[in-house]
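Student: Features from TrEMBL:
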TRANSMEM  20-43  transmembrane segment
TRANSMEM  55-77  transmembrane segment
TRANSMEM  115-135  transmembrane segment
TRANSMEM  442-460  transmembrane segment
TRANSMEM  467-486  transmembrane segment
TRANSMEM  492-517  transmembrane segment
TRANSMEM  538-561  transmembrane segment
TRANSMEM  567-594  transmembrane segment
Amino acid sequence: VEIENIIRHMRMGKSAYEAALEAADEIGLAVIAITATIIAVFVPSSFMGGIAGQFFKQFGITIAVAVFVSLVVARLITPMLSAYFLKSAPDHIEREGRLLLAYTRLVGWSVRHRIITVLAGLVLFAVSIASALLLPTSLLPPEDTSRSLLIVDLPPGSSLDDTRARTDAITRALRGVPEIRSVLVEGGRVPIGAPETRRATVIINYVARGERKQTQHELERRIAREIAEVPDIRTYFLDANGLRAVSIIVTGPDGPTVTAAATQISGEMRDLRILGNVVSSAALERPEILVVPRANAAAALGVSSEALAESIRVATIGDVGPNLARFNAGDRQIPVRVQLAESALGDRRALETLRVPTLRGASVPLGAVADVELGQGQVRIERYDRARSVTIEADLVDNAPLGDAVNAIMALPSVRNPPPGVAVREVGDAETMTELFQGFSVAMQAGLLMVYGVLVLLFVSFLQPITILFSLPLSIGGAVLGLLAAGQPISMPVAIGILMLLGIVTKNAIMLVDFGLEAMGRGMSPAEAIVDAGRKRARPIVMTTVAMVAGMVPSALAFGVGGETRAPIAIAVIGGLLVSTVLSLVFVPAFFVLMNDVERHMRRLTRFHRPRDEPRPVAANP
């Protein structure tokens with residue numbers, strides 16, 4: 001913008017030095033206002049909370065610092081270099097092309113019919129908001145990282161040897177997939193959750209994207225078919241965050257009530273076509289030993305509940321005490337764990353013969369003071385906010401939008417009408433997505449208020465900043481159109497792109513309003529001033545828009561690793577810039593003149609209702 005304005009002055013016959021001074025002074029307020037508004041938009045986003053706030057904090061601070069540095073360069077270095085390195089073209093004759101003449105006539109018509117033009121802009125904004133409701137929502141777009149995390153679950157009670165046998169069968173099945181570069185198996189561990197011998201993580205690394213035809217999602221579906229013949233396992237893939245795609249938690253006052261509600265909800269979720277591989281933690285049971293004390297018999301034989309519990313603990317879990325034997329291995333001492341053999345743990349008669357000490361120093365068999373039974377029990381007891389809970393997880397079929405899946409779950413009859421005391425909560429990516437949109441809404445409102453305050457201070461007016469803010473809704477419609485055309489949902493990258501638009505789009509309106517006010521100061525009418533501003537500022541506005549769009553095109557095409565995450569940002573910015581540039585060049589001049597009309601009427605009203613000074617009392621002559 002600085003260089004274009006300097007060249008425009010040089011084409012008026014001025015020297016490079018003189019043109020640099022006058023051009024820099026002419027757009028000084030506009031450049032400062034543009035920088036201040038961009039910083040005002042991004043600063044509130046730096047204070048967003050939650051997981052999403054970590055992304056916006058780095059992004060907001062980076063943009064704010066970069067824009068401030070660019071202001072210093074534009075105001076200090078660019079005019080100095082232009083004064084000494086640009087060459088004058090005295091024989092150049094400035095002519096207005098047909099496109100500029102047509103635009104000037106269009107602006108003149110919109111200014112004369114300003115009410116109709118402004119109403120048309122409001123209608124376009126309403127249509128864009130309605131169109132935004134048609135877009136699905138998601139947290140992050142699916143990304144091809146050339147790496148998948150496959151979780152393998154065996155039935156409860158399985159040993160580590162069973163897990164090894166199943167994972168070996170999986171790795172043998174994966175050898176027939178040429179797109180797989182390497183496979184790493186981590187038995188007994190998963191990214192999230194306590195270590196269990198019945199679980200394993202299979203890390204699958206693919207060849208680079210350019211060396212394969214199938215996407216990561218297509219390969220994952222192929223792998224699921226390849227390992228479908230491995231018996232007694234349940235498998236699922238984790239997303240980039242190490243979580244299942246959909247996670248909800250059912251909480252309630254007691255375990256049986258929560259388990260019953262979760263079982264009903266998970267059953268209805270399996271009927272949803274958008275979900276797959278629905279799993280409830282309440283459905284997981286494993287063999288367990290039930291020891292039911294007989295209080296009267298224990299009291300008669302002198303066996304306390306503490307002695308009974310300690311004997312059972314040592315027999316099943318084992319004990320490592322400071323007074324027990326240790327195995328010397330060189331310079332290390334390894335504690336020896338004392339416990340029953342694994343074969344005895346499944347034998348009820350062997351457990352009944354376990355000796356339990358009495359208060360008199362003798363011992364009695366466990367079967368004399370308690371009933372020993374073998375049954376089934378829950379793998380783990382979960383709590384959420386100190387209440388009993390059950391977690392239900394699922395996958396998204398064909399990368400369906402997360403927002404659609406959550407809405408479908410919340411519309412289920414068992415979720416809308418749960419038993420008394422039972423509540424259903426979104427967790428994982430769904431919870432983060434809700435935090436994202438709530439925090440983004442607050443940050444955007446705070447940013448708009450800060451932008452308005454900055455513009456009021458710079459332009460010393462309460463009405464003309466509204467003209468600049470009027471260009472913002474026009475950009476939202478362009479972003480929505482771009483997302484609809486590309487088939488992209490509203491996600492975290494889209495929110496970042498819209499935030500960028502709020503700072504960038506005001507640039508066009510600021511240049512028009514600033515030049516219009518300057519022309520009015522030279523005696524022009526508001527209509528003549530804004531038409532002249534549009535004629536002079538149309539070229540730099542279009543130039544900056546074309547430059548920004550050209551820079552965003554590679555990101556929109558999703559080239560390189562992580563391109564799927566950058567593409568929604570670029571698509572939203574490109575759509576918003578193109579539409580807002582075209583519309584702001586027409587609607588902003590009309591709104592500018594309309595605001596001047598409103599300001600003129602307000603001055604008349606305040607002058608008409610201004611109270612007159614009371615006449616001073618005159619002293620009487622003596």
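Cβ atoms are placed via backbone N, Cα and C, with glycine included.
TrEMBL does not curate its annotations; it predicts them automatically.
Note that the structure is predicted; figures quoted are calculated from it, not measured.
Please go over these features one by one and say how buried each is and what sits next to it.
Tutor: Here the transmembrane segment (20-43) has Cβ contacts under 8 Å with residues 1-2, 5-6, 8-9, 14, 59-61, 63-64, 67-68, 70-71, 74-75, 79-80, 82-83, 86, 447-448, 450-451, 453-455, 458-459, 468, 499, 502-504, 506-507, 510-511, 514-515, 518 of the same chain, all six or more residues outside its ends.
Residues 1-2, 24, 28, 31-32, 35, 38-39, 42-48, 439-440, 443, 492, 496, 499-500, 503 of the same chain lie 6+ residues outside the transmembrane segment (55-77) yet bring a C-beta within less than 8 angstroms of a C-beta in it.
Within its own chain, the transmembrane segment (115-135) has Cβ neighbours under 8 Å at 470, 473-474, 476-478, 480-481, 483-484, 488-490, 583, 586-587, 590-591, 594, counting only residues six or more beyond its boundaries.
Residues 37, 121, 124-125, 127-129, 131-132, 134-135, 448, 451-452, 455, 494, 497-498, 501-502, 505-506, 508-510, 513, 556, 567-568, 571-580, 583-584, 587-588, 591-592, 595 of the same chain lie 6+ residues outside the transmembrane segment (467-486) yet bring a C-beta within less than 8 angstroms of a C-beta in it.
Sequence-distant contacts of the transmembrane segment (538-561) (same chain, six or more residues past either end, CB-CB distance under 8 Å): 1, 4-5, 100, 103, 145-146, 209, 486, 504, 507-508, 511-512, 567, 569-571, 573-574, 577-578, 581, 585.
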